[in-house]
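As given in Swiss-Prot:
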{"type": "BINDING", "residues": "13-19, 41-43, ARG306, 332-334, 415-417", "note": "GTP binding site"}
{"type": "BINDING", "residues": "ASP14, GLU15, GLY16, LYS17, ASN39, ALA40, GLY41, HIS42, THR130, ARG144, GLN225, THR240, ARG304", "note": "IMP binding site"}
{"type": "BINDING", "residues": "ASP14, GLY41", "note": "Mg(2+) binding site"}
{"type": "ACT_SITE", "residues": "ASP14", "note": "active site, proton acceptor"}
{"type": "ACT_SITE", "residues": "HIS42", "note": "active site, proton donor"}
{"type": "BINDING", "residues": "ALA300, VAL301, THR302, GLY303, ARG304, PRO305, ARG306", "note": "substrate binding site"}
Amino acid sequence: MGKSVVILGAQWGDEGKGKIVDLLTDRVKYVVRYQGGHNAGHTLIINGEKTVLRLIPSGMLHPNVTCLIGNGVVVSPEALMKEMGELESRGIKVRERLLISEACPLILPYHVAMDHAREAALGKKAIGTTGRGIGPAYEDKVARRGLRVGDLFNKEAFAEKLKNILEYYNFQLVNYYKVEPVDYQKTLDDVMAIADVITGMVADITTILDTARKNGEHILFEGAQGTMLDIDHGTYPYVTSSNTTAGGVATGSGFGPRNLDYVLGIIKAYCTRVGGGPFTTELFDDVGAEIARKGNEFGAVTGRPRRCGWFDAVAIRRAIQLNSISGFCMTKLDVLDGFDEVKICVAYKMPNGEIVEYAPLAAKDWEGVEPIYETLPGWKENTFRITDVNKLPQNCINYIKRIEEVTGVPIDILSTGPDRVETMILRDPFAA
């Protein structure tokens, strides 16, 4: 009997989802992206070779897997072709194994221009977007003015729609933001040059998934970003523009929610965050700097340094509620090697003195929040590349067990290094 498994970030993104998707892809027929765009940065290291995938599902490195991009994903034709080219230069037959929903909104140059113009205008109050046009493309979708993949089939109608929407954007860019307009003809020519390649990969994603389920095939849904960046449930307004939680699978792919069997939440052994927004356990001392150094905490897409802090069980409890998480995969356990002590945030003290065990929603409600920590003995032994849980230091095992206790969710997979083989699967999501 086939299983449908969701892999998603349970923190603020950058948890190591790409490696785990790649690891579990050996078991599946389909890997599906259902939200986000090329603002994702899924880093895979296989046999020492590094690959960063931003838009194409991580399953593309497995020749027997078909990769699907669902309607909830915003697609940059330029970014897609660039990524396809990189993979095809390595002999990977992308066009034979990548299928795209015709309902995917397109990201075009005016979205990118608007993204940059807005962030520049906000100055120090900027959200900290990746500047790739993701937000403006989702805005167009909701406003029902956006161009979609399906529009590429009718080139004349596309050209007319593009002209109208570009007038709307250029008016704002020139008159309000005082920046250069986006050139209509160049935008049209660039898209038309690759339109046939993209339309050649269009398919009915919902029917493919439903048929696969009925045929007993394993399906893996690959989330991007993280739970606390969800447009509705994250630390608004410091969030991304899509639903990063498990509910996004149904809306972003057309796969019925009752058909999901297991939700795997990816967590780091500590916490990180990129860009602005609240981060209760953030460390500003030498410990935080050491975690960042050992964890190589720089964004795969932006290259920006990540903010680092202790494990936040309060935020994780909210993620468990939102996603109905079945089990965790803990990554970067080895980064905590060598510390005299490690800490887990088990509650927040609110400005009014109230003690809470679940994170607030809006960013403004995090102001003045203080972390309440449990301190555990650290471990000096090296856990890097250990693949037998019985060989982990006892204090490390105690740390893992305590996180399971304070969250109420089992840790089913442990990662002790960037390569796919540096992993311990304690309970297989496809066998659970």
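Using N, Cα and C of the backbone, Cβ positions are placed for all residues, glycine too.
Fewest Cβ neighbours within 10 Å among the binding-site residues ASN39, THR43, THR130, GLN225, THR416: that distinction goes to THR43. Rounded to a whole number, the C-alpha distance linking ARG304 (IMP binding site) with LYS19 (GTP binding site) is 20 angstrom. Put simply, GLY303 is the one of the binding-site residues GLY13, THR43, GLY303, PRO305 whose Cα lies nearest to the Cα of THR130 (IMP binding site). Under the DSSP three-state reduction, THR416 (GTP binding site) is assigned to coil, being neither helix nor strand.
Distance noted between the C-alpha atoms of GLY303 (substrate binding site) and GLY41 (IMP binding site) is 10 Å.
Taking the C-alpha positions, the distance from GLY16 (GTP binding site) to GLY41 (IMP binding site) comes to 10 Å. With GLN225 (IMP binding site) as the anchor, the candidate binding-site residues are THR43, LEU333, THR416, and the one with the nearest CA is THR43. In this structure, of the binding-site residues LYS19, ARG304, ARG306, the smallest number of CB atoms within 10 A of the CB marks ARG304. Take the CB of GLY16 (GTP binding site) and look out to 10 A: across all protein chains shown you find 19 other CB atoms. Fewest Cβ neighbours within 10 Å among the binding-site residues GLY41, GLY303: this applies to GLY303. Ranking the binding-site residues ASP14, GLY41, PRO305, ARG306 by the distance of their Cα atoms from the Cα of LEU333 (GTP binding site) places ASP14 first.
Each of the binding-site residues GLY13, PRO305 was scored by the number of other CB atoms within 10 Å of its CB, and the largest score is that of GLY13. The two recorded residues GLY41 (IMP binding site) and ARG306 (substrate binding site) have their Cα atoms spaced 14 Å from each other. Between ARG306 (substrate binding site) and ASP14 (IMP binding site), the C-alpha separation comes to 9 Å. Each of the binding-site residues ASP14, LEU333 was scored by how many other Cβ atoms lie within 10 Å of its Cβ, and the smallest score goes to LEU333.
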